[in-house]
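Enquirer: Okay, handing you the structure first.
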Amino acid sequence: MFTMNANLYKIWLILDPRRVLVSIVAFQIVLGLLIHMIVLSTDLNWLDDNIPVSYQALGKK
């Protein structure tokens with residue numbers, strides 16, 4: 001199975017854990033907003049007509 005290295009904790013001596021966590025949270029927020037903006041700019045936009053479009057309906061166009 002997967003065994004962890006005994007010295008893996010030393011990465012946190014090099015990297016500041018607070019900065020790493022803030023960076024991960026900021027990246028997740030930006031990625032989520034980007035994905036929503038991309039989806040809202042396509043035919044899958046659920047805000048225009050309040051009718052959800054399935055992928056099957058898009059394939060029949």
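Every residue gets a Cβ built from N, Cα and C, even glycine.
Pulled these from TrEMBL:
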- Gln28: bacteriochlorophyll a 2 binding site (BINDING)
- Gln28, His36: bacteriochlorophyll a 3 binding site (BINDING)
- His36, Trp46: bacteriochlorophyll a 6 binding site (BINDING)
- His36, Trp46: bacteriochlorophyll a 1 binding site (BINDING)
- Trp46, Asp49, Asn50, Ile51: Ca(2+) binding site (BINDING)
- 9-47: domain 'Antenna complex alpha/beta subunit' (DOMAIN)
- 20-39: transmembrane segment (TRANSMEM)
Enquirer: Rounded to an integer, what is the Cα-Cα distance in Å between His36 (bacteriochlorophyll a 3 binding site) and Trp46 (bacteriochlorophyll a 6 binding site)?
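Expert: On Cα coordinates alone, these residues lie 11 Å apart.
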Enquirer: Can you count helix, strand and coil residues in the domain 'Antenna complex alpha/beta subunit' (9-47) using DSSP?
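Expert: Summed over the domain 'Antenna complex alpha/beta subunit' (9-47), the classes give 30 helix, 0 strand, 9 coil.
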Enquirer: Can you check which residues sit near Ile51 (Ca(2+) binding site), meaning Cβ under 8 Å from its Cβ, same chain, 6 or more apart in sequence, and list them in order?
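Expert: Residues satisfying the criterion: none.
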Enquirer: Between Asp49 (Ca(2+) binding site) and the residue listed as 'bacteriochlorophyll a 2 binding site', find the distance joining the two CA atoms and give it rounded to the nearest Å.
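Expert: Their Cα atoms are separated by 28 Å.
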Enquirer: In whole Å, note down how far the CA of the residue listed as 'bacteriochlorophyll a 2 binding site' lies from the CA of Trp46 (bacteriochlorophyll a 6 binding site).
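Expert: Rounded to a whole number, the Cα-Cα distance is 22 Å.
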Enquirer: In this predicted model, what is the average pLDDT of the domain 'Antenna complex alpha/beta subunit' (9-47)?
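Expert: It averages 92.
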Enquirer: Counting every protein chain present, what is the number of Cβ atoms, excluding its own, within 10 Å of the Cβ of His36 (bacteriochlorophyll a 3 binding site)?
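Expert: Excluding its own Cβ, the number within 10 Å is 10.
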Enquirer: State the count of C-beta atoms found within 10 angstroms of the C-beta of Gln28 (bacteriochlorophyll a 2 binding site), not counting that atom itself.
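Expert: So the number of other Cβ atoms within 10 Å of Gln28 (bacteriochlorophyll a 2 binding site) is 10.
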